[in-house]
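Worksheet for the structure shown next.
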Amino acid sequence: MQSNTDSSTSGTYSQTVGLLYVFNLIVGTGALALPKAFQTAGWLLSITLLTFSAFMSYVAATFVIEALSVANAVLSKKRRVEYDDVVVADGPSTFEISKKVEVSEMASMFLSKVSLVFSYFAIIIYLFGDLAIYSTTVPKSAMNIVCATINASTVKSSDPCHESWPEILTRMTVYRFFVIIFVVVVCLPMVIAGITKTRHIQIMTTLSRWAAFILMISLATMQLSSDGAAAHPPAYNFHGFGSLFGCAVYAFMCHHSIPSLITPMRTKDNVFGKIALVYGVVGVFYFTLSLTGAFAFEHVQDIYTLNFFHDGNTSFIYSIIDYFLALFPIITLTSSYPIIALTLINNFNVVKDILCPKVGQENESLLEADSLVEDNDTDDEREARNARNEKSVFDVLVPALVLALPTFLSLLTDDMLLLASITGSFPGVAVQFAIPCLLVTAARKHARSVLNFPVPRKNNSPFQSPIWIVLISSWAGFSMIMVLLNLVGVKF
């Protein structure tokens with residue numbers, strides 16, 4: 001989990017390519033829930049909330065970059081101490097971002113143990129929600145491909161998958177069957193084998209993502225032009241605030257991966273301004289996707305791609321496009337699931353080491369004792385015994401929990417909008433807002449008191465006033481309260 005990699009040796013790319021990676025990271029499958037949220041909450045409230053949420057997300061992203069520069073200065077000073085390098089003095093150059101320091105490692109550098117554990121737990125719960133969304137979206141898409149196409153608000157999970165099928169095979173039964181198939185047959189072997197995304201899969205998913213979103217915007221626009229608006233969402237509906245806010249946070253989530261994308265950039269000139277431009281482009285993209293969908297379809301599905309699979313166009317070309325859009329979440333999320341699962345396992349192991357450090361030390365002592373007692377064993381016997389000793393309860397329990405809990409949530413509900421709103425509203429708020437605020441506050445203090453040098457203007461977030469941290473914290477707190485009130489059924 002903790003790895004600082006020199007960008008000069010791990011591969012670099014131009015700033016333009018890096019910004020494109022940031023764009024691709026932000027525009028993920030969370031965008032598929034936005035059109036439904038727009039239609040539920042109203043177009044004016046949605047535009048206002050999404051704009052404000054995007055701005056707050058951008059402020060938090062600049063905090064992560066500033067903390068990253070301080071982390072690089074800390075590592076630079078550590079290297080000078082280790083190698084007794086007195087030639088290079090402390091200065092602005094030590095804050096240059098040349099080493100990749102993950103958010104988890106920055107938390108270990110700057111935060112207290114309580115804040116560190118909070119950060120890890122927030123990331124863990126967020127990743128749990130992420131996996132639950134994945135293991136809901138893929139099976140629901142597969143179920144809609146297999147079952148009769150219904151594009152209406154009257155469809156129920158208890159409806160039969162096909163009229164000619166046995167009554168027991170309802171849409172929910174088929175969905176749950178696909179949940180088990182997806183997790184046990186497809187994803188579990190990849191997680192056990194430790195398969196991660198290759199370059200070719202990354203290129204394929206990026207191209208399919210761009211093609212899918214462009215097709216959805218184009219088809220919805222064409223439908224509006226030819227048939228007019230099928231729905232007339234209100235300007236605002238505060239009862240839809242909860243789902244909208246959660247989806248807005250989820251749709252702009254990128255902070256946990258910023259170090260991996262920013263560090264390899266060959267030049268980081270005006271990086272804050274250019275990332276602001278990326279956020280602006282993403283915002284326009286989201287508005288176009290969501291507004292066209294909210295008005296073009298009478299009933300927007302919680303997985304937006306399903307609206308096109310269920311439309312009235314039956315020509316050969318449209319059928320190919322519809323099946324591609326229906327398969328799009330299956331392709332992209334299946335390739336990402338093992339990465340999220342392995343990241344979650346790593347975070348669990350780190351928290352275990354933080355909370356129970358003595359367990360590892362005791363195991364080491366036992367291994368040393370065993371080696372003294374059984375020095376006469378053969379190499380094969382010693383190797384087999386060590387492998388058995390190294391396998392603890394956690395090694396079996398953690399992967400089981402990682403897959404079992406999100407799968408259980410997916411078996412309970414197929415409401416992807418609900419899962420996205422809860423994941424974005426609670427753990428998502430911590431990952432996107434709370435952790436960056438904690439990091440930048442501690443990093444600035446560390447730069448002044450330990451490094452004895454302020455963060456250079458080039459690496460400074462444009463939002464230096466403590467008021468911004470208070471504002472983000474207040475916004476996050478207010479929003480979580482609103483979401484909670486909506487979830488318990490309070491009317492506004």
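Cβ atoms here come from the backbone N, Cα and C positions, even for glycine.
Both Tyr236 and Asp322 are recorded in Swiss-Prot on the same side of the membrane. Of the Cβ pairs linking the transmembrane segment (275-295) with the transmembrane segment (45-65) and spaced 6 or more residues apart, 3 or more are under 8 Å, so the two regions touch. In this chain, the transmembrane segment (18-38) lies in contact with the transmembrane segment (238-258); the count of Cβ pairs under 8 Å, excluding pairs fewer than 6 apart in sequence, is at least 3. Within the chain carrying the transmembrane segment (45-65), a Cβ under 8 angstroms from the stretch's Cβ atoms is held by residues 34, 37-38, 97, 103, 235-238, 240-241, 244-245, 248-249, 251-255, 258-259, 262, 271-272, 275-276, 279, 282-283, 286-287, 290, 294, 432-433, 436-437, 439-440, 459, 461-463, 468, 472, 475, all 6 or more beyond its ends. Non-local neighbours of the topological domain 'Extracellular' (39-44) in the same chain are 231, 233-238, 240-241, 243-244, 291, 293-295, 300; each lies 6+ residues outside the stretch with a CB under 8 Å from one of its CB atoms.
The transmembrane segment (114-134) is in contact with the transmembrane segment (393-413), judged by 3+ CB-CB distances under 8 Å for residue pairs 6 or more apart in sequence.
The stretch with the most CB contacts under 8 Å to the transmembrane segment (393-413), chosen from 18-38, 177-197, 467-487, is 177-197. Model confidence over the topological domain 'Cytoplasmic' (346-392) is summarised by a mean pLDDT of 56. A contact links the transmembrane segment (177-197) to the transmembrane segment (325-345), because at least 3 Cβ pairs that are 6 or more residues apart lie under 8 A.
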